[in-house]
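**Q** Per TrEMBL, the feature domain 'Class II Histidinyl-tRNA synthetase (HisRS)-like catalytic core' maps to A:16-321. Positions annotated as L-histidine binding site by TrEMBL: A:Asp87, A:Met88, A:Thr89, A:Gln131, A:Glu135.
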There are 2 protein chains.
Amino acid sequence: MTAKPATHNLGLLPEGLSDRLPPQAEASARLVRDVLDTVAAHGYARVMPPLAEFEETLTARLQSAGAEDLLRAIDPVSQRTLALRPDMTAQVGRIAATRLAKAIRPLRLCYAGPVLKLRADQLRPEREEMQLGAELIGTDSVAAATEVVTVAIEALQAAGVEGITIDFNLPDLVDQLAAGPLPLDAELIAPVRARLDAKDAGGLVALGGKAAAYLPLIEATGPFHAAMERLEAIDAALGDKGVLASRIAALRAIAKPIDWDITLTLDPTERHGFEYHSWFGFSIFAAGFVGEIGRGGSYAIMHGDGREEPAMGFSLYPDPLIDVGFGREAARFLFLPPGHDADQAKGLRGQGWRTVAALDEADDGRALGCTHWLDVAGPVAY
Amino acid sequence: MTAKPATHNLGLLPEGLSDRLPPQAEASARLVRDVLDTVAAHGYARVMPPLAEFEETLTARLQSAGAEDLLRAIDPVSQRTLALRPDMTAQVGRIAATRLAKAIRPLRLCYAGPVLKLRADQLRPEREEMQLGAELIGTDSVAAATEVVTVAIEALQAAGVEGITIDFNLPDLVDQLAAGPLPLDAELIAPVRARLDAKDAGGLVALGGKAAAYLPLIEATGPFHAAMERLEAIDAALGDKGVLASRIAALRAIAKPIDWDITLTLDPTERHGFEYHSWFGFSIFAAGFVGEIGRGGSYAIMHGDGREEPAMGFSLYPDPLIDVGFGREAARFLFLPPGHDADQAKGLRGQGWRTVAALDEADDGRALGCTHWLDVAGPVAY
């Protein structure tokens, strides 16, 4: 073999960064558009934060593990470290706390764009993914939670997503119970949460102290109505009409307007992915894909003066759905032979046809993927 | 003053990276959507290349100055240097030459997404900008040029862009004339091109040799029809029915289907921005903004086996238009008071209303930017 320039490698992309080709790229763009159209119709105004920020600005607002997950670049202009955004929610929070700090509340904002992670996670090899969502800033009330969950479901349905499951969570429930009716020594709170998260009943009992009192929460998991009844039984046994009763009432209110064709589940002590949520969280699943395609809940936005502002929102990560074939539309492609009538072709595009014009006598409409060709009288199927 | 945490700086963004807020962000998204809808109707299929690639893959395909203009990051996964894309055309070329190398030609692809430059240029302080466009791969014929110019104009008009000017260029004209009817010493070609580009008649004559023979090209610039007549006079004087005659015929053919409401100009020897174009180039301008908003033309895509494939395309950079106020739509926002009829509100959203639901008795629709509120009988103007 003779030495060849290494140009055959010039098609290689870094791990987790890939091209999306026509059917998937179009399905992805269509899904983003349909979701944002619904969100916009509910009064959420679009914002577009930049792809990169100063690392310190971004990490100041990234919660939990986010800050370790940044792809960094040195900016020769500022001589400072930039980070590519791994998440847009933190950026929307920054906008709400700075340039839109004085905008009247509740403030409704929405967004869509690519985000970049340093490393892929176990479930997905992709490091770049599409994120889109909506944030309701200035309140984390039950009414706000109801709106956010309702809008998320309506948007996904408008985009054609089927078999939607919403899993409700109460991220701070253990903290609240430990501070109230089910007291726990401070050093036991984290282990109790971890055992509950893992549904590890044996491990929970083995922790000793009053950890065993949390055992019934493991059972209050699964299909929404049965799990809620178990949660109500726990509440009745507590005899304390405080935090748990109010959370039960909130979940009932949020679930009430949701259509019967949505599957609801409850996992009150699930923590994974809700580390920065306050009282309410939810995960979104769809038929045809095992992992979650989105999540949301209540959180706080930090202002420059130290004030924390309540907020509620959801984010969707629809790429896995697209990858498993969601949303591929069978388009009608119409071949326009040489000498076709340009006005007739324009009229047909107005009716939804996608036209492919011959540039050369040799162009073959069928080979170019067209389903029809334009005869004088109109489109004819191949 | 007491020391305060530096959180007041946490709203600061790097130079040239900025947030786009509601009216502009929505106008930008709408323009991208409208342009891509038109392009898709002409058979161009969407691709989505990644935000970052290996630096060497990207620079191998970036023409001229592009390679110096990259924001770089070290990828801890591959231990190699990544670069953020400063341009998507090169990525689309890579896709055409690799994963879609065997797809039938002509191959029509379109794209939209953010690109990142290391430094801002003189005209624009932004380092991140939106790029969108369409590429027709496998031919750079006159028919291909006609389609690309026509589709670019139709797409901009569909998006509501007015006062469109198209400036035609013939990037390799001097090379072709120098190799044929107006011979030039090799070392004079670059200086002649530079003087013509600068419209520097005195400088051109001062170059000596046969440079002065190129003087008439400076006058063949300006409004299309008058400039074309001057170009035809040059051709007649040459007495050589070769390259110039064929370029004149091509420009006449490309201009023929263009509507009278588009302003056409000619600058045959303009080179800036067309360094990598072959025989044909064009710039796009719009009313209300002085710089160009897009450009296009013919070029070549490099394949792994060294083969070059002809291609034709255009790219738009619409951000400046958006920044000067293009496309802000006066939306009708409808406040939904507490206890409103949810089905009535849904019906109104279906008619194009954007609704803002009260979450609290204290919510004030007018203060929230609504133009109307929902009474039992329907929307009422504030």
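Counting starts with 1 at the first residue shown.
Glycine is treated like the rest: Cβ placed from N, Cα and C.
Give me the local environment of each listed feature.
**A** Packing around A:Asp87 (L-histidine binding site) is summarised by its Cβ count: 21 other Cβ atoms lie within 10 angstroms of its Cβ, all protein chains included.
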**Q** In Å, how large is the greatest distance between any two Cα atoms among A:Asp87, A:Met88, A:Thr89, A:Gln131, A:Glu135, the listed binders of L-histidine?
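**A** Maximum Cα-Cα distance: 13 Å.
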**Q** Can you tell me the three-state DSSP label for A:Met88 (L-histidine binding site)?
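**A** For A:Met88 (L-histidine binding site) - judged by DSSP and reduced to three states - the answer is coil.
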**Q** Check the domain 'Class II Histidinyl-tRNA synthetase (HisRS)-like catalytic core' (A:16-321) for me and report the mean pLDDT.
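**A** Over the domain 'Class II Histidinyl-tRNA synthetase (HisRS)-like catalytic core' (A:16-321), the predicted model scores a mean pLDDT of 92.
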**Q** Which chain neighbours of the L-histidine site, leaving out A:Asp87, A:Met88, A:Thr89, A:Gln131, A:Glu135, have a Cβ atom within 8 Å of the mean position of the site's Cβ atoms?
**A** A:Ala90, A:Gln91, A:Val92, A:Tyr111, A:Val115, A:Gly133, A:Gly313, A:Ser315
**Q** Just counting, how many other CB atoms are there within 10 A of the CB of A:Glu135 (L-histidine binding site)?
**A** 27
**Q** Under a criterion of Cβ-Cβ distance under 8 Å and sequence separation of at least 6, what residues of the same chain contact A:Gln131 (L-histidine binding site)?
**A** A:Asp87, A:Met88, A:Tyr111, A:Ala112, A:Gly113, A:Pro114, A:Val115, A:Ser315, A:Leu316, A:Tyr317
**Q** Taking every protein chain in this structure into account, which of the binding-site residues A:Met88, A:Thr89 has the most other Cβ atoms within 10 Å of its Cβ?
**A** A:Thr89
